[in-house]
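Down below is the structure, laid out as structure tokens.
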Amino acid sequence: MQLAGEKKEGNSWHRFGRLRVCFRGAEMVVSGSPNGSQPTSQPAKKYGITKPISVAGPTEADLQRNIELEKFLIDSGLYESKEEGARREEVLGRIDQVVKGWVKLLTRQRGYTDQMVEDANAVIITFGSYRLGVHGPGADIDTLCVGPSYVNREEDFFIVLHNILSEMEEVTELQPVPDAHVPVMKFKFQGISIDLLYASISLLVVPEDLDIANGSVLYDVDEQTVRSLNGCRVADQILKLVPNVEHFRTTLRCLKFWAKRRGVYSNVTGFLGGVNWALLVARVCQLYPSAIPSMLVSRFFRVYTQWRWPNPVMLCSIEENELGFPVWDPRRNPRDRFHHMPIITPAYPCMNSSYNVSISTLRVMMEQFNHANRITEDIELNKAQWSCLFEPYRFFEAYKNYLQVDIIAADAVDLLTWKGWVESRLRQLTLKIERDTNGMLQCHPYPHEYADTSKPCPNFAFFLGLQRKEGVRGQEGQQFDIRGTVDEFRQEINMYMFWKPGMDIYVSHVRRKQLPAFLFPDGHKRSRMLRHVSLDAEKSCEEASGFQSGSAEKNAKRKADSETMDLKSTRPEKQAFISPQPPESASPESCASRSGITSHTSFNDRVIVESLTMVDRDSSSEMRSSGHLDSEKCTLANDVEMVNTMHESINLEEQASVSEHSLPGVGNKVKLLDLVEKPYYQMESVASCAVACSEFKGTNQIGLNGEDLLFVDTMSVKGIMNVCTNQAPAHGTSIAR
């Protein structure tokens, strides 16, 4: 039916009375209104690969909660002072001078002309939290040094520049990590922590105004250089792709603080690092473009508690480039099929920034997301305060069994270097244990290190929580034997190319009541087992708001568990000691031995871990429709339905067939429709614990005993003390070589 009016060809303008409409493909732009007033409606701007879930703005209650949130962040000391900001700029300027002098020195040594020496240059570019504007007091500065083509990373950066920095009084705690996925040199410059990367680009002279966003910087460089350059390129893209930069920054600052308090902030350990959290927050900002930080925090947990991993989180479409670098594409790259929590970077070449995430760490993060989602729901219903969300996670009360990884070195300088290497490989221990126990034994690596100041040698200790896979009962007499797994891990660690006498590593199984005293500086150990997500903190928050949780039945059960533990604590414990030092071990003064296999002791304890439960969607929607939440109609159930619909075509757990047009945001050149065959995406499969194409030995597994969980001890804590104090093993120890 043809309506009377005016039509202008080209852009397809139509006038109906006083209403002018321009049809541009599927979009409709209204440029007038029937009464001649200003335009009354425009389509919501699209951020990212899909339309927003909601464009609703804040209510008065949201604004008030936002004021309270920002006040909490300020009171928590998350913002640096102007003086510290000025010091950071001064340090960056000083480092810039150092690298410029370093490049000129190398140019002269290589016999270039005086003019080339004068023109030789390197530039310092920041990235990470500093470039995004969300760094706090004492935070490190991620920096990239871009140098000319004739200055390499292996010798010039990690040897020549390293030696220059080591001779400077301002530089302390210098720690090179050349074997990392992104090679880095860590140090403190005038007390400010610096992570320095290096990229050699295909230019003889690096211009001072180098445009890092220009794709030409990627020409004729290796993949390590691409990864180094992409930190800066990704940070710039993130800031361009979010609707409101200030809202993004406040929300990200809040979520990073939460992640650190809850023990899920560490890329190297298998959780998420700064860029991962930035990408997750940026995506939520795209889905709720009109939301303010207090709204975005709750929407963050609302979305990601229901996200169907391994569906990827993407801020923009994935496209290829004529440069030919590999991008994240499970169709072509077999290793991409094993990623559990893909969070894709927005700058070419698009990569998965969260490749370190394992089944275990994803499980821990999902538990924490669910925990936080319940609290933010209570905050929106005025049942809780923001402080409840940031209650610290009590890791050492959450499990009954732990692995303790102790590292020692001859001096503090060697210890920092040794720590960087061990920490970068610690994730492999988690994967190996899951592999060798068929996923039945779950590990929770804790991203913090601890030092025992009572020992005479420099040391650090890392801890992993251990538990049987939830919902699975063991068989009669079954137990886990991880001696071979630990031995394999230690052998890989001892292949460190910069190993020095005195560097050593020890792994021991400890029960919760045997945890060393240096973990509790206040001298206080709680005696009863708590839920996996520190429900005591949750309960205290609810009580502070006038609500009570739990039941008499639960309290009786906890009391019974506590009594059971008290009875078991009276049992005599077997002790295990390390083997004597071999002839090639370091001297007693170095406080180390190069050996590592020890005797073992089996522990039989009942593991009681209560799992998180998902929030009931119907009840959640019913709560939010009661008027306590904002006026938007996007309740939790609707949000979940929208997110799942957007990514249904790449639901890798249920994927059978996918239509091309149903996948949003994927460029024409790289479509994730026929990603991979279904068998690759069994989330609980053993194969998904390992890197593709790896060859592993057979599993060494002995049975379980009902609900009893048994471990084979690989080294005792007292054995570590014997090494540091040069004491002989006690009588009756069983030595395993």
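First residue shown is number 1, and so on along the chain.
Here the Cβ of each residue, glycine as well, is placed from N, Cα and C on the backbone.
Marked as domain 'Poly(A) polymerase nucleotidyltransferase' by TrEMBL: 48-242. What TrEMBL lists as domain 'Poly(A) polymerase central' is 247-391. What TrEMBL lists as domain 'Poly(A) polymerase RNA-binding' is 395-453. Residues or ranges marked as region 'Disordered' by TrEMBL: 541-598. Annotation source TrEMBL lists compositional bias 'Basic and acidic residues' at 554-574. Positions annotated as compositional bias 'Low complexity' by TrEMBL: 586-595.
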Helix, strand and coil counts within the domain 'Poly(A) polymerase RNA-binding' (395-453) (DSSP): 28 helix, 14 strand, 17 coil
Rounded mean pLDDT for the residues that make up the domain 'Poly(A) polymerase RNA-binding' (395-453): 92
Helix-strand-coil residue split for the domain 'Poly(A) polymerase central' (247-391), DSSP-based: 72 helix, 6 strand, 67 coil
